[in-house]
Amino acid sequence: MSASDTQSPLRLFWREFSENKFAVGSLVVVVLLAVVAFLAPLLVPQDPYNLELLSLLDARRPPGFVGSGGYVHVLGTDPQGRDLLSAIFYGLRISIIIGLAAGAIALVLGTIVGIFAAYAGGWIETVLMRVIDLQLSFPAILLALVLVALLGQGKGQLIAALVAAQYAYFARTAYGAAKAERRKDYVEAALATPLAGYKVAVRHLLPNCMPPLIVVATVQIANAISLEATLSFLGLGLPVTEPSLGMLISNGFPYMMSGRYWISVFPGIALIILIVAINVVGDQIRDQFNPRLRK
Amino acid sequence: MDAFFEVENVVREFRPPVTLGDKIAARLGAKVEMRSVKAVNDVSLTLEKGKTLGLVGESGCGKSTLGKVAAGILAPTAGTVLLDGKPVMTDGRKQTTRVQTVFQDPFASLDPRMKVGDAVAEGPIEHGLVTRADARAYVLDWFARVGLDPSYANRYPHQFSGGQRQRIAIARALAMQPDLLICDEPVASLDVSIQAQVINLFLDLRRDLDLTCLFISHDLSVVRHVSDRVAVMYLGRIVEEAPTEALFEAPAHPYTRALIASIPKLVLNRETLVEFDPIAGEIPSPLSPPPGCYFAPRCPLAADRCRETAPDLRTTENGRRVACYFPVSTRGAD
Ligand SMILES: Nc1ncnc2c1ncn2[C@@H]1O[C@H](COP(=O)(O)OP(=O)(O)O)[C@@H](O)[C@H]1O
Ligand SMILES: [Mg+2]
């Protein structure tokens with residue numbers, strides 16, 4: 001029995017995805033940035049978190065400058081004398097880790113809340129979904145700001161704040177999808193076996209609710225990354241000793257007008273490429289899942 | 001003595017959910033009418049072991065609802081469903097695996113994200129009919145029995161045609177080793193050319209497995225082909241029930257006559273047809289059915305009495321049951 005004639009939904013999905021060269025290119029960019037971010041310690045000339053390696057003599061030098069370390073600062077240095085390329089690679093790492101962690105935790109939490117609400121019905125459903133709707137009426141950035149201010153600085157706190165700000169989007173989506181799928185015959189057929197409700201929810205409902213959730217997940221990972229950058233830009237994100245892209249942009253901001261553009265611009269470009277690439281991939285996934293846009 | 005399968009005085013109502021607006025209106029003293037639909041209205045049926053009961057009626061008359069109550073998918077609002085004297089459902093939970101269902105639309109009844117082999121194996125593993133280790137061979141055996149290449153077990157539903165999917169759905173139901181199979185319009189959504197194949201498969205399996213069946217369809221010729229007895233449903237009620245040949249040769253209820261007269265394939269003699277136009281008029285709204293016999297507004301034989309009180313379903317001759325004050329004489333046929 002060969003598995004090769006099995007057209008798994010995933011394989012079909014990839015075939016269609018690969019027809020959009022722009023989306024494939026963006027996916028390659030996302031993967032490349034992720035690889036660069038995770039291999040950063042092996043790729044960069046300097047550990048930007050090691051304050052002993054920094055020299056103020058190297059601060060705010062333009063791209064191409066050869067510093068006291070004896071190597072070329074390809075993208076120049078920041079106001080603390082960090083090699084900007086190294087700082088950007090490490091910053092990407094923070095961005096991607098925080099985006100993925102916040103996105104994944106929010107996905108799991110939101111999906112549990114949403115499917116539970118759809119499955120429980122009655123007043124539990126009403127109360128849960130009203131709370132979710134109420135939360136969705138606040139801008140995520142406002143909620144994240146308040147939470148970060150309350151919880152304090154640090155990766156864990158930041159991720160917690162982002163999850164709290166974002167899980168509601170997943171809950172809404174999971175709830176809507178579960179409500180729609182629940183009415184379909186295959187759910188009724190599984191329940192009629194009979195199978196316990198929670199087993200049907202996990203084995204049948206959940207896999208069929210995944211497509212819209214994956215779309216939301218890509219968007220929310222990009223959002224988490226830009227929220228983190230925004231918070232760090234405002235000085236509320238991570239500690240100064242571990243500069244993220246948002247903080248690098250913020251650090252270079254005072255020097256923008258004095259011609260030292262690179263300190264803000266290069267981290268900014270890295271951030272934009274990452275977010276745009278994730279969004280292009282997300283758009284393609286969304287289009288493929290939207291039956292109305294199908295040929 | 002208990003019959004093998006019994007549906008006793010089953011009622012199934014559907015109420016639209018009470019909206020906030022309704023609640024406020026009720027608080028303010030407005031009269032909010034509770035519109036409820038009795039999709040199944042006091043239905044009693046019995047089935048002998050090994051026999052097939054056909055259930056016919058126009059779309060929307062409550063066939064699927066009755067089928068789901070019989071299958072333990074929907075809880076009845078009133079009445080009971082008994083298999084071997086034991087309730088199929090208690091406290092809103094299905095109690096048995098011995099009743100299984102084949103649904104109308106095989107494009108909707110299979111989980112699009114589960115391999116069809118896994119879908120067939122799921123129930124039997126869950127209920128200990130087969131061990132996980134033996135499940136593979138068990139599933140392949142069922143694939144062969146419903147006429148599918150066993151290598152297809154690794155595929156997903158979208159890789160199959162409607163007829164193949166319905167074979168998979170039949171395999172899934174039969175792999176649970178049911179004693180009673182409920183088929184809700186199992187061929188209605190298939191191409192006419194495929195329908196005969198699936199019906200023949202159904203007949204073969206029914207014989208081999210000694211199955212008892214409730215076969216729901218709006219297609220009278222299919223029902224005539226597969227059923228031992230036929231029940232005719234109109235707006236949630238059974239209006240006539242009789243052995244298949246007796247029902248088709250000599251329909252007693254005016255509605256059954258109209259229904260049979262509306263089959264293009266059946267040639268009736270002209271005298272029986274001139275009497276009335278087949279099923280003139282509209283089906284009354286199930287939200288506000290007329291008092292008396294529900295068919296009276298469309299019935300050529302209706303008298304005042306019919307519009308006042310509904311006739312009971314009474315046994316006449318040869319095990320025929322009919323709910324009509326003026327059943328068409330069936331003496332000629334017997
Ligand atoms: N889940 C439901 N909620 C509300 N009304 C329903 C529901 N299911 C069926 N009905 C109503 O019950 C009646 C009978 O439907 P159904 O049993 O599907 O008829 P059939 O299978 O004979 O076409 C219809 O009027 C339909 O609108
Ligand atoms: Mg139906």
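Cβ coordinates are placed from backbone N, Cα and C, and glycine is handled just like the others.
Feature list (source: TrEMBL):
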- A:21-44: transmembrane segment (TRANSMEM)
- A:92-282: domain 'ABC transmembrane type-1' (DOMAIN)
- A:94-119: transmembrane segment (TRANSMEM)
- A:131-152: transmembrane segment (TRANSMEM)
- A:158-175: transmembrane segment (TRANSMEM)
- A:213-241: transmembrane segment (TRANSMEM)
- A:261-282: transmembrane segment (TRANSMEM)
Tertiary contacts of the transmembrane segment (A:21-44) (same chain, 6+ residues out, Cβ under 8 Å) | 83, 85-86, 89-90, 92-93, 95-97, 270, 273-274, 276-278, 280-281, 283-284
For the transmembrane segment (A:213-241), what are the same-chain contacts with Cβ under 8 Å, counting residues 6+ beyond its ends?
-> 49, 51, 94-96, 98-100, 102-104, 106-107, 111, 140-141, 144-145, 148-149, 153-155, 158, 161-162, 165-166, 169-170, 173-174, 177, 247, 249-250, 271, 274-275, 278-279, 281-282, 285-286, 289
What else in the chain is close to the transmembrane segment (A:158-175), if you only count residues 6 or more beyond its ends and a Cβ gap under 8 Å?
-> 98, 101-103, 105-107, 109-111, 113-115, 117-118, 128-129, 132-133, 135-136, 140-141, 143-144, 147-148, 151, 209, 212-213, 216-217, 220, 223-224, 227-228, 231, 237-238
